Amino acid sequence: MATVKPDAHPDAQPTSDYHNSAFTLPNGCPIDNPFNSEKVRQYNGKSVKISQLLQEVFLLDQLSHFAHERIPERLGHAKGTGAYGTFEVTSDEIKNYTCADFLQKKANPEDNKTPFFLRLSTTAGFRGSADTVRDTRGFAFKFYTNEGNLDWVFFWPEIFSIWDTGKIISSNHVTKKCPASGLSDSNMYFHFINNNLEAYNQFMRTHSDYGTPRQYSDMVITGINTYTFVKDDDNYSYVRITMLPEAPSTPFTLAEATKKAGEDPDFHNRSLFNLIAETNKKEAALQQELKRVDDQLSSASSAQEAELEQEKTKLKQQIEKLPYPRWTAYAQIIKPEEVENAPLNIFDASKTLPKDLGRTIEFGKLTLNRNPRNQFTETEQAAFSIANIVPGWDISPDPILQARLFTYPEANHYRLGINCDQIPVNRPKRVWDPTRRDGPNALFNYEDHPTYIAEFNKTQALPGTNTNKSYVGTKRWFANKPIEVVRDVNEWGSPAEQLKQPWAFYSIELNGAPPAEDQDPVYRQKATEHGIAYKQWAFVHNVARRLSACKEDLRQKTYETFKTMDTENRQDGKPTPKNLGVLIENETEGIVKDSQAEKKLELWN
């Protein structure tokens, strides 16, 4: 039987491998000129009658292909860019919690590195939208490990908007266009969050200035869901992943982000692409210098050798300090026995976990260092799925995570076809499942191997090989707790409970120092005037701008929610006029009044 064993992750085949010396038909047949086409023509004075001949196969094929160029855009995260990079495991301790091979630190430094592809995107906007707008952001990783492709479909901010799977579709739709007008409508969004208070936790973060980042490379990346580290059959832990950027965070203000969206709708995509491209050029020049030094060392005298070694060390240090986008990865690890006494449901994706729950360790570094050769074949045809797991990494009893297990593969199959895993950017290093056959665009079809499972078809893993162990097994459920089958909406905690974490974000995280640079003088003045922090006033202003486009009843309901949030959680004893709901109401109604005055002036003129 034929042998099917790709030994390494196959990169996309360079177009130059099958270039011809002249323009051709799709079948490779040369043609004289791609602009020429056969037609019937008749002159009558200065008028010319032309009828295109249907036998002109090249033109007809070109027009047909042109009509089929587009594939469906992603339902979420349509506007994005991509880059390749390297993950390097840095921790010896992480092996105590997971058997994942790419997280086992090895003696050879090169063996600690895993290549990956990352797609970075906004969430709500369509493919042609601006990327500096206020929005959540997606960070989808595909790690090409020796045990298969591992996809981390991560996010900013660190929580999801809702906790129940039944709300997923509505939470997505309210960020899209109004079906009647085809326009963005803040009424839909505020109506939803005021009826689903858990959404305030994400809303607070996206409406701080962090919701309008200056560049992708200074953003915090988080897993949002709780996953499972698996060591072996009897040892597992729950984990949430956070990646902190090397670059300092310097977000845009609302005015800056709006201005940049008009000037360059592709600003974030362009910035990342240019940063990597320019750094690649600097590295190439330094590598050339390094080669020169190595060549000189091969024939250097003893007197020259020390000087050349010193120069070589400096060049290596310069290469290490090149400004590639970099992140440090941290794992917050919670043991099963710690779950019962946790102050909240650790499987609730709409909540952050207390920092002192479990323990947090650094385990890796991530560096983006290469742009795609082609945005369509790599970035747009990249297909990510929560279901792409490897031994040592697993899902958990998180309902949002489990819903994503289904929706991501379905979306990929709709956009790219059932064989999307065979597209080069999506292929693992090695794969074997001869029952997966045929279908559109089957590029790798197991040649003449039988299509059924049998002893000669390598049905079992080799001895000593780690295999996937799912959390669903009985060992992962608590033996002393009742299990019930229910049909309802997941609800845990009172409405007041849902507003505690949003208030903590406002009162603690936004109460820090203002940005070191680019402070808005109006923000600074208003913050001082109201006795609040710079970042807190930025939040008030950002909310007011969006809320001012809503109907009065929705505005009032939002004010009341913020007033309740402040009244029930404030502990600093400051007087009532500084109540967050009052601040937002005053700023919003001022904007509404100014807008109404402008409309009257337009009518008068």
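All positions are counted from 1 along the displayed chain.
The backbone N, Cα and C atoms fix where each Cβ goes, and this holds for glycine too.
Between the listed ranges 1-23, 162-184, 231-253, TrEMBL ties the annotation region 'Disordered' to 1-23. Looking up the ranges 276-321, 552-597 in TrEMBL, the one annotated as coiled coil turns out to be 276-321. As a whole-number mean, the pLDDT of the domain 'Catalase core' (24-460) in this prediction is 93.
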